[in-house]
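Peer 1: This is the feature table in Swiss-Prot:
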- SER82: active site, acyl-ester intermediate (ACT_SITE)
- LYS250, THR251, GLY252: substrate binding site (BINDING)
- 1-34: signal peptide (SIGNAL)
Amino acid sequence: MGTTGARPSRRAVLTAAAGAAVAGIPLGGSTAFAAPRGNPDVLRQLRALEQEHSARLGVYARDTATGRTVLHRAEERFPMCSVFKTLAVAAVLRDLDRDGEFLATRLFYTEQEVKDSGFGPVTGLPENLAAGMTVERLCAAAICQSDNAAANLLLRELGGPEAVTRFCRSVGDRTTRLDRWEPELNSAEPGRLTDTTTPRAIGATYGELVLGDALAPRDRERLTGWLLANTTSTERFRKGLPADWTLGDKTGGGAYGTNNDAGVTWPPHRPPVVMVVLTTHDRPDAVADNPLVAKTAALLASALG
């Protein structure tokens, strides 16, 4: 899994993302699995991981340099959980902001709203409760710290969860749907259709947002910058990927041990890899399985790196 070369700088990654959009790198994934050279047993290893961890594992990974893909349960629905926050922020940037004016708008909220959201590490700080927060800071909190109250405030400005579904449809994603607010959207019952996506759908959408032209260049750079600054992936993608692969991602978790990570990673000196790992269980008492996500990321890096 070792990779030589210096880890790309944040500026280099943002520049490369802009270049990918201009170059029109194909992001939509092939329906066939192309076994990476030297590692024909990737699917077998993914099935073994699934059995080892008694989980349902969904995978979409696409090497934008070669078009090679790794797909496992890529068309099955999984609870989305906080992975949706990237979509909500992207919708705010595209549909509500004009030249940064809306991002500078200060929103006010109550302590009860933070408590009701279930998780507010940034919105719940006394100084933010007193003074409110700008939309720009709420976007950063929603992605970088996965702040639920920040996400709910953004959803409120958008007009509710269904606005995220409409946004997905507008960028070609006919699968991903958001129906509820935080924290109810994380209930993750097996078989539920609401608040779900598939590995292929969310992977293609993340790719369009970060590497495609779904957003204006300035908005794409902002969104990518927040994904690069994410703090919640330490035990998930970040632990499984080589240290010199730059990572911009968003995690998510909920009931039934649901544990997700989705984003884009930049190996040194080469185009990026879009990567999605979605996991869940059929037991309500199951706990989030970070090692499964990290091991899957390591396997994908080895296969496509």
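Keep in mind that glycine also has a Cβ here, set from the backbone N, Cα and C atoms.
Tell me about the surroundings of these features in the structure.
Peer 2: Around the Cβ of SER82 (active site, acyl-ester intermediate), 24 further Cβ atoms fall within 10 Å across all displayed protein chains.
In this structure, GLY252 (substrate binding site) is part of a beta strand by DSSP. Counting every protein chain shown, the Cβ of GLY252 (substrate binding site) has 27 other Cβ atoms within 10 Å.
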Peer 1: Once the chains shown are all counted, how many other Cβ atoms turn up within 10 Å of the Cβ of LYS250 (substrate binding site)?
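Peer 2: Around LYS250 (substrate binding site), other Cβ atoms within 10 Å: 28.
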Peer 1: Once near-sequence residues are set aside, which residues in the chain of THR251 (substrate binding site), 6 or more away, have Cβ atoms under 8 Å from its Cβ?
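Peer 2: Result: SER82, VAL83, SER146, ASN230, THR232, SER233, ARG236, PHE237, ASN259, ASN260, ASP261.
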